[in-house]
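Student: Sharing a structure here in structure tokens format.
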Amino acid sequence: MSDSKEPRLQQLGLLEEEQLGGVGFRQTRGYKSLAGCLGHGPLVLQLLSFTLLAGLLVQVSKVPSSLSQGQSKQDAIYQNLTQLKVAVSELSEKSKQQEIYQELTRLKAAVGELPEKSKQQEIYQELTRLKAAVGELPEKSKLQEIYQELTRLKAAVGELPEKSKQQEIYQELSQLKAAVGDLPEKSKQQEIYQKLTQLKAAVDGLPDRSKQQEIYQELIQLKAAVERLCRPCPWEWTFFQGNCYFMSNSQRNWHNSITACQEVGAQLVVIKSAEEQNFLQLQSSRSNRFTWMGLSDLNHEGTWQWVDGSPLLPSFKQYWNKGEPNNIGEEDCAEFSGNGWNDDKCNLAKFWICKKSAASCSGDEERLLSPTPTTPNPPPE
């Protein structure tokens, strides 16, 4: 019986050595004794229980190693955080960050102010046109030539007589040209007109100072020659059917208008024909003015007569406006009004028309016009 137990114990011992050796245990003398004692219980159950116990011991022995690895990982993370903190601390100072932020804010505002797409298209087209215009500029040598020419012109202008003198010359030319248009002798008019045209062209060309002085003296001589020519009407008067008419540019009452005409050897207009009426009515309505004529009923209410004492002919009554004369509020003086005549108060200030006979010119007759004024003086203040 004892012989059979011994081989079995040896087998158990070998098996335990293999299993325990696989989990990292060394055989000891005590261990062998423990195996021998356990041989008295259910051998398989005891062997499994011990195997589980050995596995637990192995796992427990590995826990410190895992903890050590976790600690190493934490240390690595901490080191990385430390390095990041150092890197952040080395960033630009706060003022630099603020500057960048402000710049970004300005850029954002600028982008917000960009024009809408249609406006951008318009700007683009304008830039294209400008680019084309720049491309058409003359070459540098041409620009230099233009600049030199401008410099010469500027120097020439600096040598011109004062502006008031130029203005005086220009006004003289304008007056002479207008006067020539009223001259009776066509051949003489043509000659003087050509002279004036040439002189005007010369003045417009503005030659050197000595030439201007020569032209100015010639103008004075021409003016004197023109004034010696026979003219039917004075300056600023209008010729019509053998008479001269002056249309005033200021206003007076009816009585002062008579005086103004007498001062220049004329009278407040007296109308003698339908043609004359149409001519004067046209002059008045064209300027849209209320204008005195030499007609009133001051001597006898309702009896109209001219300033030369002649009565108003019945055929002329057709020229009164509808419902006129109505003598509302002592309206005793006649005026041109709209397309006809009207009676109004004689103390009102209105424009007026003077009339006198035109001068007679025959053959080569020349006479010096009267030096007395031919234009009525303005009314006293």
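Cβ coordinates are placed from backbone N, Cα and C, and glycine is handled just like the others.
Pulled the feature table from Swiss-Prot, pasting it below:
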- 31-34: motif 'Endocytosis signal' (MOTIF)
- 59-381: topological domain 'Extracellular' (TOPO_DOM)
- Asn80: N-linked glycosylation site (CARBOHYD)
- 96-118: repeat '1' (REPEAT)
- 96-303: region '6 X approximate tandem repeats' (REGION)
- 119-141: repeat '2' (REPEAT)
- 142-164: repeat '3' (REPEAT)
- 165-187: repeat '4' (REPEAT)
- 188-210: repeat '5' (REPEAT)
- 211-234: repeat '6' (REPEAT)
- Cys233-Cys244: disulfide bond (DISULFID)
- 240-355: domain 'C-type lectin' (DOMAIN)
- Cys261-Cys354: disulfide bond (DISULFID)
- Glu324, Asn326, Ile328, Glu331, Asn342, Asp343: Ca(2+) binding site (BINDING)
- Cys333-Cys346: disulfide bond (DISULFID)
- 359-381: region 'Disordered' (REGION)
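How about a rundown of where these features are and what they're close to?
Tutor: Confidence in the motif 'Endocytosis signal' (31-34), given as mean pLDDT, stands at 46.
When Cβ atoms from all protein chains are considered, those within 10 Å of Cys233 (disulfide bond) total 19, not counting its own.
According to DSSP, Asn326 (Ca(2+) binding site) is assigned to coil rather than to any helix or strand. Cβ neighbour count for Asn326 (Ca(2+) binding site): 11 (other Cβ atoms within 10 Å of its Cβ, all protein chains included).
Under DSSP, Cys346 (disulfide bond) is assigned to coil, being neither helix nor strand in the three-state scheme.
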Student: Pull out the recorded positions from the set Cys261, Glu324, Asn342, Asp343, Cys354 whose C-alpha sits within 10 Å of the C-alpha of Cys233 (disulfide bond).
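Tutor: So the list is empty; none.
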Student: Does DSSP put Cys244 (disulfide bond) in a helix, in a strand, or in coil?
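Tutor: Note: Cys244 (disulfide bond) is in a strand by DSSP.
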Student: Among the disulfide-bonded residues Cys261, Cys333, Cys354, which ones place their C-alpha within 10 angstroms of the C-alpha of Asp343 (Ca(2+) binding site)?
Tutor: Cys333
Student: Within 8 Å of the centroid of the Cβ atoms of Glu324, Asn326, Ile328, Glu331, Asn342, Asp343, which other residues of that chain place their own Cβ, given that this set defines the recorded Ca(2+) site?
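Tutor: Not counting the recorded site residues, we get Gly323, Pro325, Asn327, Asp344.
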Student: Let me make sure I understand the structure: which of the recorded positions listed (Ile328, Cys333, Cys346, Cys354) has the fewest other Cβ atoms within 10 A of its Cβ?
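Tutor: Counting other Cβ atoms within 10 Å of each of the recorded positions Ile328, Cys333, Cys346, Cys354, the minimum falls on Ile328.
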Student: What counts of helix, strand and coil residues does DSSP assign across the repeat '6' (211-234)?
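Tutor: The counts are 18 helix, 0 strand, 6 coil.
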